[in-house]
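The next block holds one structure in the form of structure tokens; read it before the comments.
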Amino acid sequence: MNIVILAAGTGKRMRSALPKVLHPLAGRPLLSHVIATARTLQPSRLVVVVGHGAEQVQAAVAAPDVQFAVQAEQLGTGHAVRQALPLLDPAQPTLVLYGDVPLTRASTLRRLVDAARDGSYGILTVTLDDPTGYGRIVRDAAGFVTRIVEQKDASPEQLKIAEINTGIIITPTGQLAMWLGALKNENAQGEYYLTDVVELAIEAGFDVVTSQPDDEWETLGVNSKAQLAELERIHQRNVADALLVDGVTLADPARVDVRGTLRCGRDVSIDVNCVFEGNVTLADNVTIGPNCVIRNASVGTGTRIDAFTHIDGAELGANTVIGPYARLRPGAQLADEAHVGNFVEVKNAVIGHGSKANHLTYIGDADIGARVNIGAGTITCNYDGANKFRTVIEDDVFVGSDTQLVAPVRVGRGVTIAAGTTIWKDVAEGVLALNEKTQTAKSGYVRPVKKKS
């Protein structure tokens, strides 16, 4: 089977310099959703017709299995499909999809393909409570499709028809080439409409079969930011419903956003206003507090992530405790039972089993052993303005508050570092490390007093 995806439109109503099909839905371009669905049908040829912003669109979705045809002039959907013909296998049927209709299920498309498997011309239709503005499916007394009539051309009787054309079709490719060549642009827009092909198919004696989706939102397209927002909510609610079916507890299904893939174990709980991006895995009994952002991360069994925590590119072991207001950046690896508390930032660092950095700390480019306590205000000084260096803290080290570790530096097992110490040399095992300081008290000091105005 050939699949052609039309993605050449300008999208004027989006009021954006970004091509319409590249506007994001759940963190991915609209067109990427359509391509992903198309791939599940295993087409022999997958062709995307580009036009407005062609180079930008091609760069965004380029892949070995995707070919591109260019519609240099926007002369209608029929003209767009015509540009793809040289790239198609004429011996295989062609399914036509739209780059701005992202939510059509693969199962819906398979039903349409199956309905037209005998070489018929197939149309995906949908029945709407309010079909205003759409082309109506006109049938004869026996129920066979005779034509598609646009709203402006419909008679009062035809306007009562609730079944409308979605634009998604499957057709024999050899005949499609002939029908496209016979299209005329005798309309107000001067365009060649793909919908006109159905009458040519009927005139040629082809059966026209139809199929419908399970839900009408599967056929909704995007022509404005309002419609994009509507589809985003539909998609996110579908994702939330699937999570609920899988046993995930959502404090409010309307207030969780998944912009990628979220895999959850048993008894996972997610509070409100959480965003998941990229590939995220939550193991059994994970609890996520409100207002967290988690991107490309794996979270171990029994972990608790408190409110306002940001996690990006991190790996968390079992029974870790993170936040609130913590930030784990790419390369952060936390072993089982590690704690990273409020206003702690970890980047490209390993924190060992049971180690804790509970508040106000920066840990970057570091290897921290097991059972280490990092006091408040500790900083690994890892950057000299040009190069990054690592800090190594071995097992059972106690780091006092307001400590600076100037990398590259190693702190041996069992060391105690006094509060307010700057470490710039390696420290041997088991010692107390401190900077000698003298505390002085002076009598007779008078504090300055502000003058009254």
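Backbone N, Cα and C atoms are what each Cβ position is placed from, and that goes for glycine too.
According to Swiss-Prot, the region 'Pyrophosphorylase' annotation covers 1-225.
DSSP assigns G9 (UDP-N-acetyl-alpha-D-glucosamine binding site) to coil, not to a helix or a strand. For 6-9, K20, Q71, 76-77, 98-100, G135, E150, N165, N223, R329, K347, Y362, N373, the entry in Swiss-Prot reads UDP-N-acetyl-alpha-D-glucosamine binding site, with the evidence type sequence analysis.
What Swiss-Prot records for D100, N223 is Mg(2+) binding site, and it gives sequence analysis as the kind of evidence. Classification of D100 (Mg(2+) binding site) by DSSP places it in coil, neither helical nor stranded. Around D100 (Mg(2+) binding site), the same-chain residues six or more apart in sequence whose CB sits under 8 Å from its CB are A7, G9, G11, K20, V21, L30, L31, G221, V222, N223, listed in sequence order.
Residues belonging to the region 'Linker' (226-246) score a mean pLDDT of 98 in the model. The region 'Linker' annotation in Swiss-Prot covers 226-246.
Residues or ranges marked as region 'N-acetyltransferase' in Swiss-Prot: 247-453.
Taken from Swiss-Prot, the feature active site, proton acceptor covers H359, and the record attributes it to sequence analysis. DSSP assigns H359 (active site, proton acceptor) to a strand in the three-state reduction.
For A376, N382, Y383, S401, A419, the entry in Swiss-Prot reads acetyl-CoA binding site. Under DSSP, A419 (acetyl-CoA binding site) is assigned to coil, being neither helix nor strand in the three-state scheme.
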Minimum Cα separation from Y383 (acetyl-CoA binding site), reported as the residue among recorded positions L6, G99, E150, R329, H359 that achieves it: R329
Span of A376, N382, Y383, S401, A419 around acetyl-CoA - largest C-alpha separation, Å: 22
Subset of binding-site residues (G99, A376, N382) lying within 10 A of H359 (active site, proton acceptor), CA to CA, in sequence order: A376
Rounded Cα separation (Å) that holds between G76 (UDP-N-acetyl-alpha-D-glucosamine binding site) and N382 (acetyl-CoA binding site): 58
C-alpha spacing of L6 (UDP-N-acetyl-alpha-D-glucosamine binding site) relative to S401 (acetyl-CoA binding site), in angstrom: 61
Most crowded position, judged by CB atoms within 10 A, among L6, A419 as binding-site residues: L6
Inter-residue Cα distance where the pair is N382 (acetyl-CoA binding site) and G99 (UDP-N-acetyl-alpha-D-glucosamine binding site), in Å: 46
